[in-house]
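K.L.:
Could you have a look at this structure, given as structure tokens, before my questions?
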Amino acid sequence: MTNTRKSHPLIKIMNHSFIDLPAPSNISAWWNFGSLLGVCLGLQILTGLFLAMHYTADTTTAFSSVTHICRDVNYGWLIRYMHANGASMFFIFLYLHIGRGIYYGSYTFTNTWNIGVLLLLAVMATAFMGYVLPWGQMSFWGATVITNLLSAIPYIGPTLVEWIWGGFSVDKATLTRFFAFHFILPFMITAMVMIHLLFLHETGSNNPSGVNSDSDKIPFHPYYTIKDVLGILFMMITLMSLVMFTPDLLGDPDNYTPANPLNTPPHIKPEWYFLFAYAILRSIPNKLGGVLALVFSILILTLFPILHSSKQRSMSFRPLSQCLMWMLVANLLILTWIGGQPVEHPFITIGQLASVTYFFTILILMPSTALMENKLLKW
């Protein structure tokens, strides 16, 4: 008699994806982030669902409903801070996952990679709208500033902004629709994750050497399930330490002041995970130019498969490319720091230099260095 796991129409799909899946024998801890992101998504949907039970998407009561969740709902403070800090964990893992993909050349799986870029955009949109919901000062002004960027689009811009706002400023209509989108998007993200995995399982996983591993596969379970559980354990320890000891470490104090359209905060800035893109946006004095640079700073990821000029897939055996990779990481950290600083000297100049270096490294330095390495290896 056939094993149910292998014959049942539904369980069979799970089996081929998580149990009997042939996986390379040498994938390192850098391959743990996929499962960690899945756990993060599940956690966000679950905590978000419980928050939505008590939250009211109305300008007059939104702020007090969040206060009510923290003060009066059983473990409401825990749910709220797990959701807020869970988003930070989500982005840490996202960036590490993308960094791994760049370092080991996983972007050569073009379909998987492009769906991944779309996933990143969807998660960024969801996080932005979620930040607006508590209706604090930074929520309101962040929403005003970021949505206003669309007015830079020629001809249709101003109309588009008013259409998104549902009026002539960020108000009740904006908050209500942002809540609706913030609720539905994670489920769309879940569907996209399934497509992401579908494309990945068409080719199989990459590995640190960047060489085809068909001749050396091991079953996903128990080897990588136990490895994933260890990763999840580390993640939960980190997340719960953050939630229990310093829940507001990554937040902005301004968001504990209720939204006031008549009073602008001295420094409007998004959550830390958007600061690098915000720094790129601010480094260009022209509005449309800034918006284009902002969009391209994310969409540039789609160019990696085209820009790959090395005869080797992975950077494991390419020391010069490794140096550039870490230069890019340092550059992004500088951009993140600059994004949180006021618009004044010397931060403006540092931001502009870091923005130019970001695009220059990806578009010119990395492909040309890869070609040089080919020459050095006489390929």
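One-based numbering along the chain as shown.
Even glycines carry a Cβ here, placed using N, Cα and C.
Quick paste of what Swiss-Prot says about this protein:
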TRANSMEM  33-53  transmembrane segment
TRANSMEM  77-98  transmembrane segment
BINDING   His83, His182  heme b b562 binding site
BINDING   His97, His196  heme b b566 binding site
TRANSMEM  113-133  transmembrane segment
TRANSMEM  178-198  transmembrane segment
BINDING   His201  ubiquinone binding site
TRANSMEM  226-246  transmembrane segment
TRANSMEM  288-308  transmembrane segment
TRANSMEM  320-340  transmembrane segment
TRANSMEM  347-367  transmembrane segment
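What does the local environment look like for each feature on the list?
P.N.:
Mapped onto three states, the DSSP output places His83 (heme b b562 binding site) in helix. Around the Cβ of His83 (heme b b562 binding site), the number of neighbouring Cβ atoms within 10 Å comes to 21.
Under DSSP, His196 (heme b b566 binding site) is assigned to a helix (H, G or I) in the three-state scheme. The 10 Å shell around the Cβ of His196 (heme b b566 binding site) contains 21 further Cβ atoms across the protein chains shown.
When Cβ-Cβ distances below 8 Å are used as the criterion, the transmembrane segment (113-133) is approached by residues 55, 57, 62, 66, 87, 90-91, 94, 98, 101, 106-107, 139-140, 142-143, 146, 174-175, 178-179, 181-182, 185-186, 188-189, 192-193, 195-196, 199, 270-271, 273-274, 298-299, 301-302, 304-305 of the same chain, each at least six residues removed from its ends.
In the three-state DSSP classification, His201 (ubiquinone binding site) falls within a helix. The Cβ neighbour count for His201 (ubiquinone binding site), using a 10 Å radius and every protein chain shown, is 14.
Sequence-distant contacts of the transmembrane segment (226-246), counting only residues of its own chain at least 6 positions beyond either end whose CB sits under 8 Å from a CB of the stretch, comprise 29, 32-33, 35-36, 39-40, 78, 81-82, 85-86, 88-89, 93.
Sequence-remote contacts of a segment are chain residues at least 6 beyond its ends whose Cβ falls under 8 Å from one of its Cβ atoms, and for the transmembrane segment (347-367) they are 279-280, 282-284, 293, 296-297, 300, 303-304, 307-309, 321, 324-325, 327-328, 331-332, 334-335, 338-339, 341.
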K.L.:
List every residue in the same chain as His97 (heme b b566 binding site), at least 6 positions away in sequence, whose Cβ is under 8 Å from its Cβ.
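P.N.:
Same-chain residues close to His97 (heme b b566 binding site) (Cβ under 8 Å, separated by 6 or more) are Phe33, Gly34, Leu37.
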K.L.:
For His182 (heme b b562 binding site), what is the tally of other C-beta atoms lying within 10 angstroms of its C-beta?
P.N.:
21
K.L.:
What else in the chain is close to the transmembrane segment (288-308), if you only count residues 6 or more beyond its ends and a Cβ gap under 8 Å?
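P.N.:
That would be 98, 102, 105, 107-108, 110, 113-114, 117, 120-121, 124, 149-150, 152-154, 276-278, 280-282, 355, 358-359, 362-363, 366-367, 370.
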K.L.:
Cα of His201 (ubiquinone binding site) to Cα of His182 (heme b b562 binding site): how many Å, rounded?
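P.N.:
The Cα atom of His201 (ubiquinone binding site) is 29 Å away from the Cα atom of His182 (heme b b562 binding site).
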K.L.:
Looking only at residues six or more beyond either end of the transmembrane segment (320-340), which have a C-beta under 8 A from one in the stretch?
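P.N.:
Cβ under 8 Å, 6 or more out: 99, 102-103, 269-270, 272, 274-280, 282, 310, 347, 350-351, 354-355, 357-358, 361-362, 365-366, 369-370, 372-373.
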